[in-house]
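Since the structure comes first, as C-alpha cells, the remarks are kept for the end.
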Amino acid sequence: MSAVTSNGFQSNLATFVHKNGQAQSLLDAFCRHQAHINPGTDLTDAGHWDHGVLLTGYKACFLSSVAGVAPVARMCDQLFACSLVEGLHLGRSFVLAHEMGHNMGMVHDGVQNQCSKSCCLMSAVNGAGKTTWSECSVREFNAFLLQLDESGKGNCLRDGASGLVERNHLQDGRTPGQRFTADQQCAYFWGRDYKVEIPTGRSMEFLLEY
C-alpha cells in the first residue's frame, strides 16, 4: 500500500467548492478531484496513492453526529478509494482509521455483525479505548482482500510501500509526556486553542497520576 502526503489539493482545484459544508457532497467532489490528480497506477508511478483522505480542519454537516464518511469496500478503486474526516484534532486519527476500515470492507461492529458494539475501532460511535480491530473486522478485511485477489484487477494492498520514513519516537529514551508539555498535548489532541486546566485545589503532580 502506498502513502503520499500532500497539502496542495486546495491550490490545485479549478474552482473553490464548499457545498455548504454537506459532507457527502464534499466527499463526492474530493473523490473526483483526487482521482483526477492521482498519477499513474501502482505499477507505473511511485507517486500513486491507494487511498485519498481529506482532513477538513472544519466541522462538516452530517445528518447525524458522525465525524467522517467513506465509500464501503471500494479500496483500490480509482474513483472511490477516498474518505473525508473532520481533521479537528489528533483524536480524529481514530475516525480516519474507522473510515479507512469501511473502505477496506469493514462494517459497524454490533450493528451489521455479531461483535460487540462498544469495544473496537469499527464501533458506530467513536470513544475512549476503541483502538483495536474486532475479530469481525479482521474477518471482513481478509474477505475483502480475497475478493480483490480474485477480481483480476490487481490488489493495491499487496504491493510494498515506498518512500516511507522510519520514525522511532522513543529513540532518545523519553516518552511523549516528557517531550511535549501538558499544554502542547492538549493542543495536539483537542485543537490549537486548548490548554491544560488543573482542577481547583490540585497541582501539576495531579496530572502525573493519569
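Glycine residues also receive a Cβ, built from the backbone N, Cα and C atoms like all the rest.
Annotated features, as they stand in TrEMBL:
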- E99: active site (ACT_SITE)
- H98, H102, H108: Zn(2+) binding site (BINDING)
- C115-C120: disulfide bond (DISULFID)
- 50-145: domain 'Peptidase M12B' (DOMAIN)
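Positions of TrEMBL features highlighted on the structure.
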{"residue": "H98", "record": "Zn(2+) binding site", "DSSP (3 states)": "helix"}
{"residue": "H108", "record": "Zn(2+) binding site", "DSSP (3 states)": "coil"}
{"residue": "C115", "record": "disulfide bond", "DSSP (3 states)": "coil"}
{"residue": "C120", "record": "disulfide bond", "DSSP (3 states)": "coil"}
Inter-residue Cα distance where the pair is C115 (disulfide bond) and H102 (Zn(2+) binding site), in Å: 16
Winner by Cβ contact number (other Cβ atoms within 10 Å) across the binding-site residues H98, H102, H108: H98
Spatial neighbour of E99 (active site) that is closest, considering only the recorded positions H108, C115, C120 and their CA atoms: H108
Inter-residue Cα distance where the pair is C115 (disulfide bond) and H108 (Zn(2+) binding site), in Å: 9
H98, H102, H108 excluded, remaining Cβ within 8 Å of their centroid (Zn(2+)): A70, E99, G101, M106, V107, L121, M122, A124
The one of E99, C115 whose CB sees the fewest other CB atoms within 10 Å, among these recorded positions: C115
H98 (Zn(2+) binding site) and C115 (disulfide bond), Cα-Cα, nearest whole angstrom: 15
Number of other Cβ atoms within 10 Å of the Cβ of C120 (disulfide bond) across all protein chains: 23
Rounded inter-Cα distance in Å - H98 (Zn(2+) binding site), C120 (disulfide bond): 9
Confidence summary (mean pLDDT) of the domain 'Peptidase M12B' (50-145): 91
